[in-house]
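Colleague: Sharing a structure, written as structure tokens. Questions coming.
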Ligand SMILES: NC(=O)C1=CN([C@@H]2O[C@H](COP(=O)(O)OP(=O)(O)OC[C@H]3O[C@@H](n4cnc5c(N)ncnc54)[C@H](O)[C@@H]3O)[C@@H](O)[C@H]2O)C=CC1
Ligand SMILES: CC(=O)C(=O)O
Ligand SMILES: [Mg+2]
């Protein structure tokens, strides 16, 4: 990721040094200024022999956010900086604000009081030396994933306008309409494999963070490099800035994004359409991961692009796959075969992009296990109870969200259970006695003691709790609460990492991390290496099944339903191989580099895994050779 300092040759460095040395000494400049009444050194233009990112990386010329719009156009900088142009006083104010916040920030982390300080140190390393950064991250993934990814990345996004030092990635704003097709050429890499794009409208469970949401795209791509071995020179974090509806940011003089309300409707769509056309024109083989778009647009954009472009929505599709793997694990943990999955009663709190994604995938998986026909699909529907901000969703609700409609309980059914439209979560859990309680609500503490007490009457021998909302403070409950109230026999998973819980008698309450990080890197890598033109449901299903099968029987029986993050590279390799295999079987694979479609078809399972492994980038210094051309 970033701007390839390694590509600066000794020649370009020494010529830039020579140019600087040719620049007049300040004393000589002062004398010359005195000779002229009209021109001072400050107002005289500087001759610059470089353009684009080379300027941003030259501390002599770099003005950061203070480059004016015309300068950005003249110097090929459009899109390489956040859109809000600042003057030098504002820049200093922003810097000082952040400097003075250091002590406060140190207390902000949920569990690690130094998390933001660690992020800063890692980020500075990322700016200085990419290979070393990724080596540190890969070799210490358990320790640093919570810093570059959830939960700390949430804190980073909340404070991004203050933390911003060097730009990373591209910014496409509403002001860039009509320019995007040329702007993409400001990015220095001729090959980009992976883009993670957000519009900042729903960052983790933290709401609309506007332009500051670029932190999540950067964090996800860090995992692409560390887990999937995508070459960091070929990843691109993108922020599409269509404004923000966050009142605080709209009023903040130090905010780096457009201070206007979000575009909506056709205007919004035209910006996203233009962005998609531009990136696929320059990089026809790129894969675009949509991340943290508010539900309102997440589904619409997925439907709009999924059959034309190589893209997927991680919150809808990645999360669904991870949840399915966990739900199947929870069935196995009860000592029951997976075929029993369609008998599970599942209460889902949250009907947004993530919740609905999980519900659709779980229903399809049940239907497949029941015979894969229409009646199986219909009967699977009755296994779910969905509670959103307004309570239990039934067909009695007016103005029901079309995505949630298939999961609305029939009024008669609800009546029979003593439930009604809008029933609260405690009532629903009491009446349904579910096997699984799954939270994707972004409401920290939603699984209150009362809800957990109600779950004691679950008909399952091993009730499962998935508190999947991020970051840590948004988790629906903590593992301590769950194990303390319900005992050691439960299955527990959370979206952000928690420590295992020490229980009495030396027993351990295992806390699984149920996060889409176990799938999205493998989905991206498998798509890239298969050369599939689109990402099909089958490819996503293959990824989920691979993750489910990764866990051994004895682990699952101990309550360990997701792997340890320390093996994420190995899991990702297997997931990517499963995606490649499925793409080949569905005749979607067109090959990658010298591996053409016909040859891909001839590979055995083992050879596919090897092929994937051989194409994963490793953080090792290459030998550098000077070439004078
Ligand atoms: N663990 C993981 O891999 C993932 C976790 N997430 C997390 O899921 C959460 C939700 O994400 P989205 O679905 O995109 O958000 P969203 O904002 O689209 O949906 C939130 C849903 O929760 C509902 N809700 C709000 N208050 C509620 C309450 N008191 N009781 C029940 N439901 C309530 C809302 O009505 C809405 O349906 C976020 O915290 C996000 O970080 C999202 C994707 C992946
Ligand atoms: C993990 C993730 O994608 C989210 O919380 O939005
Ligand atoms: Mg997300």
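For all residues, glycine too, the Cβ spot is worked out from N, Cα and C.
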Colleague: Per TrEMBL, what member of 273, 315 joins 291, 292 in binding divalent metal cation at one site?
Modeller: 315
Colleague: With 202, 515 listed by TrEMBL as binding (S)-malate, identify the candidate in 159, 246, 470 belonging to that site.
Modeller: 470
Colleague: Using CB under 6 Å from any atom of ligand 2, narrow the recorded positions 149, 202, 220, 470 to the ones that qualify.
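Modeller: By the Cβ criterion, which requires under 6 Å to ligand 2, the hits are 470.
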Colleague: Using the Cβ center of 291, 292, 315 as the divalent metal cation site position, which other residues in that chain lie within 8 Å, going by their Cβ?
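Modeller: Leaving out the recorded residues gives 198, 202, 203, 216, 290, 293, 298, 313, 314, 353.
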Colleague: For ligand 3, which among the recorded positions 149, 202, 220, 470, 515 have a CB under 6 Å from it?
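Modeller: The recorded positions passing the 6 Å Cβ test: none.
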Colleague: Which of the recorded positions 202, 220, 470, 515 has its Cα nearest to the Cα of residue 292 (divalent metal cation binding site)?
Modeller: 202
Colleague: Averaged across the domain 'Malic enzyme N-terminal' (126-306), what pLDDT does the model get? Just tell me the whole number, please.
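Modeller: That region's mean pLDDT is 97.
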Colleague: Scan 291, 315, 470, 515 for binding-site residues whose C-beta lands under 6 Å from an atom of ligand 1 and note them, or write none.
Modeller: 315, 470, 515
Colleague: Relative to the Cβ of residue 315 (divalent metal cation binding site), which residues of the same chain, six or more apart in sequence, are found under 8 Å away?
Modeller: 290, 291, 292, 293, 298, 353, 354, 357, 516
Colleague: Roughly how many Å lie between the Cα atoms of residue 202 ((S)-malate binding site) and residue 149 (active site, proton donor), rounded to a whole value?
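Modeller: That separation, Cα to Cα, works out to 16 Å.
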